[in-house]
């Protein structure tokens, strides 16, 4: 197969591993920087150009699109879909999962466990927003934040009011969520491929920190998940429409709660913690499922 890997750099761990896995299995793979690709939006003959040449003959496209380039990256991916190239994750699923509020609304509609969450822009009554999610301590999140950036734990009522007022002052849209104290600063990353959890790890926040993101100094170790956690992760990925996803869960007193569904999960942490060849599993999934023209939306999303 001829595979297009949408990535800003072939030197990134996840990109490097996918290239290795594809080439080991005899596939041709080309790394394409989405920001350097440009498109011809023409009726009946959509095309993508890169470095002065038209991109042709691809069977599969693997999107590794960073959050900061979601809009343009999804546009390039959508163009591939319109050309009949099979996407590992479809553009509509990626944009859906990147919208934190939309994701939570979809998950709640299907009855997936989640922390009690409020959404606000300029609430008239901040105290009522805080009361709505059960009071302090609580977590305030920027809607557009990633890797733990823009996430604040407010431990008291006064702190919560100050944080919310501060975000409002810079005209930021925020999520206000209950703090799952019983999780003890740990979350579970479930790696889902093709409707199955193929690996899972526990990420633990360092002392004095509540965010367990590896980018923030958290540690990771392999963990055995429960059947309910497995089912929740698979369902969350399916609701988002993602073939490959990193589903982040917390263990709460009322069962597993989904914190985020990541459409472009990193491979370094999960491969290091579990010792599994996740990149190889992704390529194997593509070999079984990646048929030209087999795109549910054909770029209509």
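Glycine residues also receive a Cβ, built from the backbone N, Cα and C atoms like all the rest.
Under the heading ATP binding site, Swiss-Prot lists 141, 178, 179, 187, 211, 212, 213, citing sequence analysis as support. Taken from Swiss-Prot, the feature Mg(2+) 1 binding site applies to 248, 260. Per Swiss-Prot, the feature Mn(2+) 1 binding site maps to 248, 260. Positions annotated as Mn(2+) 2 binding site by Swiss-Prot, on the basis of sequence analysis: 260, 262. Among the features that Swiss-Prot reports, Mg(2+) 2 binding site is placed at 260, 262. As annotated by Swiss-Prot, domain 'ATP-grasp' applies to 104-287.
Distribution of Swiss-Prot features across the structure.
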residue : record                : contacts (Cβ under 8 Å, 6+ apart)
141     : ATP binding site      : 100, 150, 151, 152, 174, 175, 176, 177
178     : ATP binding site      : 115, 116, 117, 133, 134, 138, 139
248     : Mg(2+) 1 binding site : 187, 188, 189, 190, 258, 259, 260, 261, 262
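Ranking the binding-site residues 187, 260 by other CB atoms within 10 A of the CB puts 260 at the bottom. For the recorded site, residue 178 (ATP binding site), the DSSP three-state label reads strand. Residue 262 (Mn(2+) 2 binding site) counts 21 other C-beta atoms within 10 Å of its own C-beta, drawing on all protein chains shown.
Across the domain 'ATP-grasp' (104-287), the prediction's mean pLDDT works out to 89. Just so you know, the Cβ of residue 179 (ATP binding site) picks up 18 other Cβ atoms within 10 Å once every protein chain is counted.
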